[in-house]
Amino acid sequence: MADARPVQSPAARLLAALPDSITAAIFLSLWIAPLWLGRDGVRNAMLVMLVEFVLVHASVFLGSAVLGTDSTARRLATLLGFTLFYGLFVAAFAFAFEAWWPFAAFAWLLVGKVTIALDRSRSAPARLRRMQTEQGLATIAYLGGVFATTLLPLPRLGLGADVVPQLGLPGGGLWVDRPHTVIAFGVFYFGLLAWSKWRDWSLPAARPPAAA
């Protein structure tokens, strides 16, 4: 028997994909014109990828906790506790980079996760399956993106060697020495997440065992 999950309307799928689409577009624009958001634009994009790493780890717990009760008050309390706990990790990034931007990035990226959990047009099991799908895809895309952008030759576009010193990137390492790799990573990663939400990819529902 086919999976009877409801087909989402184009408007609902567009709304779900919009946050990640905007983020991917910003990364692409920074790849082409790295200074259009100011000197800190690329550094802030790097912070976004660090914050997203925290949220990839947390998203499966978020879905299970938020969808584990029918009480709106308890869902909101769980979401608040989740935000405060993982906000501590984000605070560490903010302290290290001496910037407030990680908190804004955390809030923005959290929007993309929560829209699925709060989608009342789906049943709770369907929402949980969708969040599990995204968590699995995000994990694969993040790890795969790290390796791919490290090993593959990528065009610098606007991030030429003459521009990098103007960005004021702290520390060292691949992302600092070759920032076009992390920007390309963001384009690939958030673009894939947006496409998965637009296509409404989801794990198949568990089927009961066949009768003997």
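Along the chain as shown, residues are numbered 1 onward.
A Cβ is built for glycine as well, from the same backbone N, Cα and C atoms used for every other residue.
Automated prediction, rather than curation, is the source of TrEMBL annotations.
What TrEMBL says about this protein:
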TRANSMEM  12-33  transmembrane segment
TRANSMEM  45-69  transmembrane segment
TRANSMEM  76-94  transmembrane segment
TRANSMEM  100-118  transmembrane segment
TRANSMEM  139-159  transmembrane segment
TRANSMEM  179-198  transmembrane segment
**Stretch of maximal Cβ-Cβ contact with the transmembrane segment (179-198) [cut-off: under 8 Å; candidates 12-33, 76-94, 139-159]** = 12-33
**Message:** Cβ under 8 Å, sequence separation of at least 6 from the ends of the transmembrane segment (139-159): give me the contacting residues as numbers and ranges.
**Reply:** 30-34, 42, 52-53, 56, 174, 179-185, 188-189, 192-193
